[in-house]
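Visitor: Let me begin by handing over the structure; questions about it come next.
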Ligand SMILES: NC(=O)CC[C@H](N)C(=O)O
């Protein structure tokens, strides 16, 4: 059984360090809250005592292979199954969707917008007041969120020639974006994730006492 972090001190957030935008997420977490502890997750022991976990973007097949090779897969599955705070960006979101590790009750289509050269930056329109009206979304060989169940809350959309598309979602303690908020200096999405992790930790510590 995965142990929770019983330390009431600063939040400990893990960043899966297999491939992709790992350092960028570490920087974004620091910008969002200087006081948090960051753990690079590469082996099962690294997942102990975390309050939240980020699955970065990169290449989802490579990340999956490395996760399986490092014996992390059952630990991550247990983490997600327990509903612990998890933030998946781009490839990270792909891993949290069906038929991969799961977590989100949704399907995604990989490389929806085309190849690397079809990557783009556009305005992400937020649905949730506390996130502010909008942010800059960096989409790099991004997936598109396809079917979502009513368990999934869309948090943001973009206007696309194919129509408005959902690009950020929440389901309980899971947060996912098809874009890369860690590649901008705007801490909005990481702050929102830290809020989820903080609330989860508070609740878990209270239940524990
Ligand atoms: N920026 C990204 O994470 C791209 C995801 C990548 N195209 C994949 O399918 O894995």
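Yeah, the Cβs are placed from backbone N, Cα and C, and that goes for glycine too.
Remember, TrEMBL labels are computer predictions, not curated facts.
According to TrEMBL, the protein has these features:
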- 90: active site, nucleophile (ACT_SITE)
- 180: active site, charge relay system (ACT_SITE)
- 182: active site, charge relay system (ACT_SITE)
- 58, 59, 60, 110, 140, 141: L-glutamine binding site (BINDING)
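Situate these features within the shown structure.
Guide: Residue 90 (active site, nucleophile) falls outside any helix or strand according to DSSP and counts as coil.
Counting every protein chain shown, 26 other Cβ atoms lie within 10 Å of the Cβ of residue 180 (active site, charge relay system).
Residue 182 (active site, charge relay system) has a Cβ environment of 30 other Cβ atoms inside 10 Å.
Over all protein chains present, the Cβ of residue 110 (L-glutamine binding site) has 15 other Cβ atoms lying within 10 Å. Residue 110 (L-glutamine binding site) carries neither a helix nor a strand DSSP state and counts as coil.
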Visitor: Here's one to test understanding: among the binding-site residues 58, 59, 60, whose C-alpha is closest in space to the C-alpha of residue 182 (active site, charge relay system)?
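Guide: Given the candidates 58, 59, 60, the nearest one is 58.
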Visitor: Roughly how many Å lie between the Cα atoms of residue 110 (L-glutamine binding site) and residue 90 (active site, nucleophile), rounded to a whole value?
Guide: 9
Visitor: Counting every protein chain present, what is the number of Cβ atoms, excluding its own, within 10 Å of the Cβ of residue 90 (active site, nucleophile)?
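Guide: Counting Cβ neighbours of residue 90 (active site, nucleophile) within 10 Å gives 31.
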Visitor: With a radius of 8 angstroms around the mean position of the C-beta atoms of 58, 59, 60, 110, 140, 141, what other residues of the same chain does the L-glutamine site pick up?
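Guide: Surrounding the site, in chain order, are 20, 57, 90, 91, 94, 111, 142, 143.
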Visitor: Are there any residues in the same chain, six or more apart in sequence, whose C-beta is under 8 angstroms from the C-beta of residue 58 (L-glutamine binding site), and if so which?
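Guide: Expected: 18, 19, 20, 21, 90, 91.
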Visitor: Only counting partners 6 or more residues apart, tell me which same-chain residues put their Cβ under 8 Å from the Cβ of residue 141 (L-glutamine binding site).
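Guide: Set apart from residue 141 (L-glutamine binding site) by at least 6 residues yet with Cβ under 8 Å, we have 90, 111, 113, 114, 115, 116, 118, 119.
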